[in-house]
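Please read the structure below before turning to the comments.
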């Protein structure tokens, strides 16, 4: 008995857009795709929007579908047809390419034949047409395509079943509306963390011996005429005194689809809770909202999202983020605990090796996100040349939609990037990318009680650095720069760190 053999999906592949698209225009096989001048410099692409113009009679024979098939993003008989996604893929490719320039876009209201006209550029667009490095706004005609995709999104948003309050717990306290931040403000840190009543927890404020530690390690001495080159003095200082690294610092970047990111840095030794709610965490509601010693970080308001549909769907997810996602620091490891009803997916150094499969965070289950010990081991191997790539340290969360998947992260409604600052600094030091200046780094002094094994790792990194320096010409030290390790010169005065 004959059985049909399933067709394997075509893996995505890189295709040069210019020769492929010019060949398609020359082929005349797609209705409306044609040259508009004799020199074959300008061509027209029909550009219908389903929300305004209805389905096309030639919907199955479009340049958008052909590009999706050519790049391996659509396999007939395997993938579900998605004309809006095909159109967005080609639009993004044209926007990024230096070989094409948009000449005319429209008319877009209710035309019988909406279209775009592109110019084939010989040497890329003229300098006057250059765009800012990052443009998060939608161009003309793009909002309709975004809405086409958003219309299909709500049924697929990942929300768990409704949750009832446990009868043994007191009802949560509502925060007075007058204390809410303005709707257009960036992410708000809701005050300093409350002290942990546990006798084992470190007291709030500076750790014991803080001033003595500063006077010992950061005593400036006579300042040289100019600062040493990047990493010349500061790198060994930090490696010999690893407690100077901001081990508890986390850089958090919130991103709503198509909007500029909003970022902040938290320095709480316990971690933080990411949430969106008027419900206030209290000592009596630890089971609902986690420890009050965590930094309380509220998601930014979605009110500046211009698309009504996108803002509606984003609010659908934010409405079930009141319990939040906990990022817990434990030793030199970072963990996540999902309390919220909204499902959360993630990728990062400790994620599953199957990068193409969605990776959910199970509810109320501690999930390891990052290990500094493992990062240091991988950094040592990389510096020795035993691995080809530096160790990863960035962590990405996607709220309410599966991740990783074939959809780019920029198309997700809500994403959050988390970066352990200590890992980023160490990697930048060894790669030479760190620019040391008074405002480039804000050092935070943490508890110096590190494990012996971690101290050995720093010693080995310091040894690697010294070996690298022997292979480079020695720079002439400025007069007065002969300072001992731990004495400076530092680019900021200790008084600025109190």
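Using the three backbone atoms N, Cα and C, a Cβ is placed for every residue, glycine included.
Sequence annotations record features per position, and here Swiss-Prot assigns phosphothreonine to 10 based on experimental evidence. Residues annotated as motif 'Nuclear localization signal' in Swiss-Prot, with experimental evidence given as evidence: 12-18. Positions annotated as DNA-binding region by Swiss-Prot, on the basis of sequence analysis: 14-122. Under the heading region 'Disordered', Swiss-Prot lists 121-207, 478-498. Look at Swiss-Prot and you will find 150-160 tagged as motif 'Nuclear export signal', backed by experimental evidence. What Swiss-Prot lists as phosphoserine is 158, 293, 301, 431, 435, 437, 440, 446. Residues or ranges marked as compositional bias 'Pro residues' in Swiss-Prot: 168-206. Annotated ubiquitin cross-link per Swiss-Prot: 411, 412, in sequence order.
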Around the Cβ of residue 411 (ubiquitin cross-link), other Cβ atoms within 10 Å, all chains included, total 16
Spatially closest candidate among 293, 301, 431, the listed modified residues, to residue 411 (ubiquitin cross-link) (Cα to Cα): 301
Measuring Cα to Cα, how far is residue 412 (ubiquitin cross-link) from residue 431 (phosphoserine) in Å? 31
Residue 301 (phosphoserine) to residue 293 (phosphoserine): how many Å between their Cα atoms? 24
For the motif 'Nuclear localization signal' (12-18), what's the model's average pLDDT? 81
Checked against DSSP, the composition of the DNA-binding region (14-122) is 37 helix, 19 strand, 53 coil
Note down the number of other Cβ atoms within 10 Å of the Cβ of residue 431 (phosphoserine), including every protein chain shown. 12
A correct count of other C-beta atoms within 10 Å of the C-beta of residue 412 (ubiquitin cross-link) gives 21
Please report the Cα separation of residue 431 (phosphoserine) and residue 293 (phosphoserine) in Å, rounded to an integer. 36
State the three-class DSSP label for residue 411 (ubiquitin cross-link), counting H, G and I as helix, E and B as strand, and everything else as coil. helix
